[in-house]
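Asks: Below is a structure I'd like to ask you about.
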Amino acid sequence: MYRLLIVDDEELIVNTLSGFLSTQFEELEIHRTYSAYEAIDIMRRVRFDIIISDISMPAMDGMELLEFIKSYWPDCRVIIVTAYNEFEYAYNALKYDNVNFILKVEGYEVIRDTIEQHLRQMEDNQKKEQFFLNLGNRISRMTPYLRSDMLNRILSGDRTLVQSDLDLLNIPLVIDDSVFITVGLLSDLNAAEVKKRLSEISEYVEKRIVLRKISVVFHIFENYAVWFFQKTKDIESQPFEDLANYIHESFSEIPDVLMKQTGETLSLITGHTFLDWTEVPHSFQHSIVHLERMRGDSGVYLLDLSDSAQLHIDERSYPGIEELNHLWNALKNDSKDSFLNLLRTKLVFMNKINDIHLVLPLAAVSAMEWLILEAVRYYDLDQKQYVVDFTKRSNEKKMSGAAWLNRCLELITEIFDHRFLMKEKRYSTLITSVNDYIEQHFTDDLSLTQLAELKHYNPSYLSRIYKEQTGKGLMDYINELRISEAKKLLRETEYKISEVSKRIGYNSSKYFNQVFKKFVGISATSYREGKTE
């Protein structure tokens, strides 16, 4: 879904144009604002694909707004609407790509046709560029292994690092400056493919970020992608909040485009704000916890350090299980059958043991303890329920290797099942929360982006999850509630159709009538007259 913003100081024009375009483009999420400054405030938080702006507005005109748009979101397409054929304005706009001038006397149909042209071009460009299939690899000037080790030390919280260590390896990070991190997890690929794809994704990100003169360093930690962002001297005066929003929005479309072009799922965690260096390890570990819970989900999640998962971060300070990495990766990848088969193969010798206390398979027992403990802590499960039960079974007076192995497999199966239930519960809670908000505010000017911001989700991700869980789109549900209320008002009041339209959240009577007929089968006027639905 593409986003469009209409900017004009005349409310009637904004609402009328919004209503007209709503009847023409179902794939457009249309936003409205009534001043250039309000538009700038929105653009600092949300990325738009197309912006329609009046050229003559108080305080800031359309040309000044155009300069801001092109400096902040260079790829955004802009349609300038003017009452006069002002050659000077049109001439000044020639230095920008994807800018159109339209005279108001030409009518809304010309604006519609121009939008259609831009939408076609955006679709064509997306196909031609093939963001994640044809990007080349950059040749690094740094020694890869030393660089990787240095960045690993940052993520692990090594406080012995000094600025000269980074400078020696040409790592463009400043230890004394705040840093913003984004962490990603790419599912469904082997290690070599993951590394290649993540590098391609990073090149795409850097192409966008460099336009805002933000310093970026990319790193792969095991199977996780990590981006470090910092201000450069050129943008020292810009607020951290604006840059954080810009970075978040720069990632917003990547998971959906990747899914569309390759079928691969990318989960991303971005922070709310820039961090002190001392906060980086904690934020990174917290991001990993969330990514593992999101594994297999394609989308961008906004990290909230007040989340309950913070309570479990300190519990994950025990050593890793690199020696069991092949098992651990299978467990994390949601491959239940694959993991259980692999485990049976690795521990097949247990079936020959009559009593595990007579021939103590210490390595096998330790391996299972680590796997279960790791899974319990990663996925926020009841430690006593799983670990204590496992220890109790392992300490029984007599237990065969086969019985012990079966119990291990049962515990792992329970962990998989619990993860699935928790995921469904998380989705159910999200849907309930969204529906509750919609039911209380469906007469307001709601949008997918607004709902996503309230719930700290990327709009595309929220839209997809909502449709998967409910079988209908978010806007369909909003329209259902509005039409239900409209039917009540048409039956029980004498409000004009235009008044009913406004009372239930539609700024255009024409659009209201179109939606009403789509849901009810007849026009609002016919419904009021008592004709059969």
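Cβ coordinates are placed from backbone N, Cα and C, and glycine is handled just like the others.
Straight from TrEMBL, here's the annotation block:
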| type | residues | note |
| --- | --- | --- |
| DOMAIN | 3-119 | domain 'Response regulatory' |
| MOD_RES | D54 | 4-aspartylphosphate |
| DOMAIN | 432-530 | domain 'HTH araC/xylS-type' |
Asks: Mind tallying the domain 'Response regulatory' (3-119) by DSSP state, helix then strand then coil?
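Replies: Tallied per class, the domain 'Response regulatory' (3-119) gives 55 helix, 27 strand, 35 coil.
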Asks: Applying a 10 Å Cβ distance cut-off over all chains shown, what neighbour count does D54 (4-aspartylphosphate) have?
Replies: 21
Asks: Give, as a single whole number between 0 and 100, the mean pLDDT over the domain 'HTH araC/xylS-type' (432-530).
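Replies: Mean per-residue confidence for the domain 'HTH araC/xylS-type' (432-530): 88 out of 100.
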